[in-house]
Amino acid sequence: MASRKAGTRGKVAATKQAQRGSSNVFSMFEQAQIQEFKEAFSCIDQNRDGIICKADLRETYSQLGKVSVPEEELDAMLQEGKGPINFTVFLTLFGEKLNGTDPEEAILSAFRMFDPSGKGVVNKDEFKQLLLTQADKFSPAEVEQMFALTPMDLAGNIDYKSLCYIITHGDEKEE
C-alpha cells in the first residue's frame, strides 16, 4: 500500500510540474499576443490536426513562394520541439527565442522571410496581398494608411529596414 501511495504521489508531482511548466509559457505573453501566435499556428498547421509536422512546414513554405526547402532544414525545425509540436510547444519555442530578443530584430527577421535575395526590400504588391488576406487581415484603408508612412525605393519596393525603425522607434530618426 505504501509503495502504491508513493507511486501515486510521484505521478501527481510530475503532473503538477508539467502543468507548471506549460502554464509559465502562457504567462510570458499578453492575451493578444497569444491569440496572434494561435493564428500563426493555425496558418502553419495545414492539416488542422493540432500538430505541426513536416508536411505542414513544406506547405507553408510553398505558400510563401519557397518551394525547394531542404529536408534537413525541415527536420532541424521539427527537432527544436523535441517531440510533437502542438500549440503549447510552439508558444514555448517562440518564448525561448523572443526572451531577451530585440523586438527590432524580431521584426527584421520576419521581413527577411519575404526577401530571399537579401536586398532589404520586399515587393509592395505582394506584401499588400499578404496584409489583405493572411492572419489578422488589414482593410484596404489600413493598408493604404500604412503605405503612406512606408519608405519605398524608386521601384516601389518597401525598404523594410527603415520601416522596422519607424515601427520600433517612431516616425522621426534621432539626430
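Placed from the backbone N, Cα and C atoms, the Cβ positions cover glycine too.
Annotated features in Swiss-Prot:
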MOD_RES   Ala2  N-acetylalanine
MOD_RES   Ser22  phosphoserine
MOD_RES   Ser23  phosphoserine
DOMAIN    32-67  domain 'EF-hand 1'
BINDING   Asp45, Asn47, Asp49, Asp56  Ca(2+) binding site
DOMAIN    102-137  domain 'EF-hand 2'
DOMAIN    138-173  domain 'EF-hand 3'
Handout entry: Composition by DSSP (helix, strand, coil) of residues within the domain 'EF-hand 2' (102-137)
Key = 20 helix, 2 strand, 14 coil
Completion exercise
Counting only residues outside Asp45, Asn47, Asp49, Asp56 in the same chain, those with C-beta within 8 angstroms of the Ca(2+) site's C-beta centroid are Ile44, Gln46, Arg48, Gly50, Ile51, Ile52, Cys53, Ala55
Problem - Other CB atoms, at most 10 A from the CB of Asp45 (Ca(2+) binding site) - result: 20
Fill in the blank from the handout: Counting across all protein chains, other CB atoms within 10 angstroms of the CB of Asp49 (Ca(2+) binding site) number 11
Handout entry: Within the predicted model, mean pLDDT of the domain 'EF-hand 2' (102-137)
Key = 86
Completion exercise
Around the Cβ of Asp56 (Ca(2+) binding site), other Cβ atoms found within 10 Å total 21
Exercise for the section: Tell me the Cβ contacts of Asn47 (Ca(2+) binding site) under 8 Å, same chain only and six or more apart in sequence, or just say none. Expected result: Cys53, Ala55, Asp56
Completion exercise
DSSP tally for the domain 'EF-hand 3' (138-173), helix/strand/coil in that order, comes to 19 helix, 3 strand, 14 coil
